[in-house]
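Novice: Right, I'll just put the structure down here and ask away after.
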Amino acid sequence: MAVSSVPAGPSFDEIRRAPKALLHDHLDGGLRPATILDLAAGIGHELPAATPEGLGEWFVAAADSGSLERYLTTFAHTVAVMQTADALHRVARECALDLARDGVVYAEVRFAPEQHLERGLSLPEVVEAVLDGFRAGSAEAAEQGTPIRVGTLLTAMRHAARSMEIAELSIRYRDAGVVGFDIAGAEAGYPPTRHLDAFEYLQRENSHFTIHAGEAFGLPSIWQALQWCGADRLGHGVRIVDDIGPDNALGRLAAYVRDKRIPLELCPSSNVQTGAAASIREHPIGLLRDLRFRVTVNTDNRLMSGTSMSREMALLVEAFGYGWPELQWFTVNAMKSAFIPFDERLALINDVIKPAYAKLT
Ligand SMILES: O=c1[nH]cnc2c1ncn2[C@@H]1O[C@H](CO)[C@@H](O)[C@H]1O
Ligand SMILES: [Zn+2]
């Protein structure tokens with residue numbers, strides 16, 4: 001008797017070799033565990049584990065907390081070792097190399113300059129060290145045959161009061177590698193409208209920004225981010241499903257998000273860890289894709305989730321049975337939603353992404 005078998009989806013290794021685009025990745029959430037150990041030893045910072053494997057496991061377990069607030073406490077250890085120009089340069093260089101090795105051809109990596117001033121660096125020194133590190137890592141990646149373009153987003157912390165300064169910093173460095181602005185941190189109790197002056201300033205400067213919204217808090221946060229602050233994209237935005245009824249009827253906000261093609265920077269593993277989704281299989285990404293929202297797949301924090309772009313895609317292949325057409329769609333969606341100029345986005349889509357997926361499908 002012939003055994004019929006379901007054709008297997010793309011394997012992890014095939015996904016790794018396919019070009020991918022990443023819009024939501026935190027620099028201080030993606031350090032190599034060995035680098036944290038090395039940098040911590042140099043400054044006498046005490047860590048909860050003594051080996052790279054042990055430390056990697058500690059981050060994932062500690063971040064697996066069911067709450068965004070507890071998840072965010074793990075960043076104390078990464079931010080602590082990123083307080084000198086050398087350390088920032090190293091972390092940024094390694095980030096570009098790690099993403100390139102994972103097959104990411106375009107990445108927007110974000111971090112909060114205001115969190116790196118503990119040992120005397122100024123805000124411009126922080127930004128320059130990171131931009132230099134990305135340049136060095138990207139140049140090495142190109143030499144190794146895995147070219148990557150890295151754009152930087154400057155994040156302001158939503159509980160703090162420096163968003164205007166950080167917005168100005170993003171404009172000062174807009175021609176040197178900074179492609180946009182973001183706000184992050186605990187969501188409940190810190191609505192994005194606290195930073196309205198910064199967003200209005202950025203709009204007047206014809207700049208781009210995304211806002212973490214609809215992750216730990218629901219629709220009001222998404223509505224404010226879009227209709228008060230003017231965000232170009234939503235960091236997570238996963239709770240937009242709260243505005244989708246039975247029979248998939250869209251409420252006015254969900255309809256607006258879909259009609260205006262507002263990009264959703266979805267981060268499946270991170271959402272499971274913070275409790276925004278019960279499991280990958282139950283993650284709203286399946287529904288949002290079926291309804292043709294502008295869905296993108298992202299890592300958020302590779303260290304805290306023990307993940308990579310390839311792993312996030314492989315998890316979706318496993319959970320939802322996706323094949324190359326869906327993975328290409330996510331990748332093109334991300335590229336269309338990037339903050340670099342239109343002609344550069346188009347070049348990556350037409351010259352890099354589409355030809356590679358054409359060979360795979
Ligand atoms: O998923 C998230 N939601 C909100 N804030 C976050 C998330 N991941 C990281 N950060 C925050 O962003 C800062 C700058 O990179 C990190 O230090 C962390 O506090
Ligand atoms: Zn994030």
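A Cβ is built for glycine as well, from the same backbone N, Cα and C atoms used for every other residue.
A quick note: this is a predicted structure, and the numbers were derived from the prediction, not measured.
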Novice: According to TrEMBL, His24, His26, Asp300 bind Zn(2+); identify which of His116, His195, His208, His212 is listed for that same site.
Specialist: His212
Novice: Report the same-chain neighbours of Glu215 (active site, proton donor): residues 6+ apart in sequence with Cβ closer than 8 Å to its Cβ, ordered by sequence.
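Specialist: In sequence order, the residues whose Cβ lies under 8 Å from that of Glu215 (active site, proton donor) (at least 6 apart) are Leu68, Glu187, Gly235, His236, Gly237, Val238, Arg239, Asn271, Thr274, Ala276.
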Novice: Determine, for the Zn(2+) site, the additional residues of the same chain whose CB lies within 8 Å of the mean position of the CB atoms of His24, His26, His212, Asp300; present them in sequence order.
Specialist: Asp25, Gly29, Arg110, Asp182, Ala184, Gly235, His236, Glu265, Cys267, Ser270, Asn298, Asn301
Novice: What are the sequence-distant neighbours of His26 (Zn(2+) binding site), meaning same chain, six or more residues apart, C-beta distance under 8 angstroms?
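Specialist: Spatial neighbours, sequence-distant, of His26 (Zn(2+) binding site): Val109, Arg110, Phe111, Thr155, Ala184, Asp300, Asn301.
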Novice: If one looks at the chain holding Asp28 (substrate binding site), which residues at least 6 apart in sequence have a CB under 8 angstroms from its CB?
Specialist: Phe75, Thr78, Val79, Met82, Val91, Phe111, Ala112, Gln115
Novice: Note the mean pLDDT of the domain 'Adenosine deaminase' (19-354), expressed as a whole number.
Specialist: 97
Novice: Of all the Cα pairs drawn from His26, Asp28, Gly185, the residues the record ties to substrate, which distance is largest, in Å?
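Specialist: Maximum Cα-Cα distance: 13 Å.
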Novice: Please list, in sequence order, the residues in the chain of His212 (Zn(2+) binding site) that are at least six apart in sequence and whose C-beta is under 8 Å away from its C-beta.
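Specialist: Listed in sequence order, they are Arg158, Asp182, Ile183, Ala184, Gly185, Glu187, Gly235, His236.
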